[in-house]
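As structure tokens, the structure follows; a few thoughts come after it.
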Amino acid sequence: MKSAYFILAFCLLALASPLAYASDPSSLQDFCVAIDDHKDGVFVNGKFCKDPKLAKAEDFYYSGLNIPRNTSNPVGSTVTPVNVAQIPGLNTLGISLVRIDYGPNGGLNPPHTHPRATEILVVVEGTLYVGFVTSNTDNRLITKVLYPGDVFVFPIGLIHFQFNVGKTKAVAFAGLSSQNPGVITIANAVFGPNSSINPDILVKAFQLDKNVVKKLQSKFWWANN
């Protein structure tokens, strides 16, 4: 009888273990300021840690997010990130921030994904048409027009976009649930010069004429990040 209880308890623990590891464990320290020089550091989640006794205010500080960015580019938008690359004190804290400036009359943050983060966006100026596409097989488009003060969430990993439908510039800020959320801009990743995907693959995948694919691959794809 005892062996039966033991087996049952073992099975329950085995079933529960994936849930226990479904998210990052809680930090066991106050912070882990990222450093590039690892001679005297400890390697944690992609970045080495500075000795906590050497941490200073500048490790947790960034200035300039109030400055409007130039949107005179092919997509009409500019993203200003504030992640672990700008604030080393964000290392291991699982959070970051961006400012997004959109030019008037069609400034676009093109369809993209963040492989490591959910995004929550708030509009502070202008009018944005935003949306995301659900995963296969539904591929359902969920959209909303946002005005100053409105907030919208883009779930982790899903393709999403923001489009300025107003006649004036727009500005939004977004929080992301990763110190380094990553970004994959769909057009750049598929047709950009660094992808080098065989045109025959793209012809079949997108059901396009090969000449159209080659033309797309020959274009300059702007990275607004």
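Cβ atoms are placed via backbone N, Cα and C, with glycine included.
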Request  = Consult TrEMBL and report which candidate among Cys11, Cys49 shares a disulfide bond with Cys32.
outcome  = Cys49
Request  = Using Asn109 (oxalate binding site) as the reference point, find which of the recorded positions Cys32, Cys49, His160 has the shortest Cα-to-Cα distance to it.
outcome  = His160
Query = To the nearest whole angstrom, what is the C-alpha distance linking Glu119 (oxalate binding site) and Cys49 (disulfide bond)?
reply = 26
Task = Based on Cα distances to Cys32 (disulfide bond), point out the closest of the binding-site residues His112, His114, His160.
result = His114
Task = Note the mean pLDDT of the domain 'Cupin type-1' (63-214), expressed as a whole number.
result = 95
Ask   = Relative to the Cβ of His112 (Mn(2+) binding site), which residues of the same chain, six or more apart in sequence, are found under 8 Å away?
value = Ile159, His160, Phe161, Val183, Ile184, Thr185, Ile186
